[in-house]
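*Asks:* Before anything else, here's the structure in question.
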Amino acid sequence: MFKKRVFSWFGFKKNKTKINDLDDHIKKNNQDNLSQKKCNNICSQDSIAKSTKSDCCSENVANSSAVNESHSSSLMKLKLKQHVSHVNNKNSFLLTLTTKLVRTKEAFSIKLKNLFFKKKTYNSLLDDIEEQLLVSDIGVRTTRELVDSLIKVSTQHELKNLNLIIEILKSKMKKILNKVEGPLNINYKNLFVILVVGVNGVGKTTLIGKLAKNYKKKGKSVILAAGDTFRAAAIDQLKLWGEINSVSVITREIGSDPASVVYDAIKIAKLKCIDILIIDTAGRLHNKNNLMEELKKIKRVIHKIDSTISQETMLVLDACIGQNSIKQVKIFHESLNVTGLVITKLDSTAKGGVIFSIAQEFLIPVRYISFGEDFEDIQVFNSNIFVNAILSNNTLK
C-alpha cells in the first residue's frame, strides 16, 4: 500500500526594492536559484516515487496473477474432489441398496431372468412377465403400464433379449418414481417440526432415532417430543434414542394429553432456538376416528402456537404389508394432509414393489427409505438408485 504524497507549492514574495539596487538584485537572483533547486529536487523526488510505484504495481499485478492462478487451480481441484465424492457416494448407495434389498431384487431381477431359460411364445412370455410383476406386489395399474411399454417398444424377436427387456422396464419404472422423488427441504431460519405418524409396528420410533442422528451429523440442533403417552415403553424407547444421540426428550406422565407434550416441546424448542423438533405419536389403526382426531388436535396446537412454523407430516409405511399400504395412505392423507412418506423394512420383504403403486395412486413425496436397524440403514429416496438396485445388472449376467 502506498501513502498519498502531499505536495506543497512554493510561492515567491515580490521584491519591494528598486531594480537598480544591485545588492537587492543579487539577493533576488540567489533566492531564485535556491527556489529553482528546490523545485528540481521536488520534481526529481516525484519522478523517483512514480518510478518506484510503477515497479511495485507491476510486482503486485504479477503476484496477484500468481495468486489468482493458484486459487483457480485449488478451486478446480476442490470441484473435482466434490464430483468424485458425489460419484463415490452414489456408487456406495447403490451397493448398499443392492445388498439390503435382496428379497425385492430377487422378486424382480432373478425370477425375471429365469423366465428366459425356457422357450416361450411371445404371448406366453408377456403373460409370465406380467404375472411376475404382480407377484412382486407392484400393483395392477403399474403392471399393466409396464407390460404395455414392452408391447409398444419390443417386437417378438426383441422380447427374447433379456437385457433389452430390463432396460425398457427400468426406464418406465424410473419415470413413475421420478414423480415422487422429493427430499425434505428444511428452512433452518425458523423451527421446523416433523410430526411422525403411522400404525403400530411400522418403525416410527426407530426412524426418529435415525433422523435425529442424521440431522445432528449435519450440525443441526434437534429435540424430541414423546407424543405417545399411552405406553411407558414408548417413552423409554424414545429416551434411549435421545441419550444415544445426545438430544433432549420432552415427556409427560403416562396418560397425559399428547397435545400438551407437543405444546411444551414447541415452547422449549423456540426458547432454545432449536432447528428441528421431531414428534413421536402413538401407533393407531387408520380406521379409528378418535385417534385420528387426536392427531388433528396436535396439528392445530402447532399452528396455534406459531402459524409461521414449517411443518412436515411424515407417514411411515411398512413395506412388508404390501398393497395394504395403499389404504393407510388414503385414510391418513384425507385426515392429516400427509406431506411426506417413509418406506421401512425394505430389507425384510419381497413386496418392495408397493412403492410403485403408492407413487401411481398418490403424488406424495417419498422422503426416505429404511432397510435395517442400524443408524446407517436409511437413505434419502433416489428413484434411479432404487430402480438400479432392484434390477441390478450383476443379477442378469
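Any Cβ shown, glycine's included, is placed from N, Cα and C.
These came from Swiss-Prot, pasted as-is:
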| type | residues | note |
| --- | --- | --- |
| BINDING | 198-205, 280-284, 344-347 | GTP binding site |
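Mind running through what each feature is packed against?
*Replies:* Long-range Cβ neighbours of T281 (GTP binding site) (same chain, at least 6 residues apart, Cβ-Cβ under 8 Å): L195, V196, V197, K204, G227, D228, P258, L295, I298.
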*Asks:* Where among the binding-site residues G198, G201 do you find the Cβ with the fewest other Cβ atoms within 10 Å?
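*Replies:* Each of the binding-site residues G198, G201 was scored by Cβ atoms within 10 Å; lowest is G201.
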*Asks:* Test of understanding: give the count of other CB atoms lying within 10 angstroms of the CB of K204 (GTP binding site).
*Replies:* 24
*Asks:* Quick one: what's DSSP say for T281 (GTP binding site), helix, strand or coil?
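*Replies:* Reduced to three states, the DSSP call for T281 (GTP binding site) is coil.
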*Asks:* Would you count the other C-beta atoms found within 10 angstroms of the C-beta of L346 (GTP binding site) for me?
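*Replies:* The answer is 27 other Cβ atoms.
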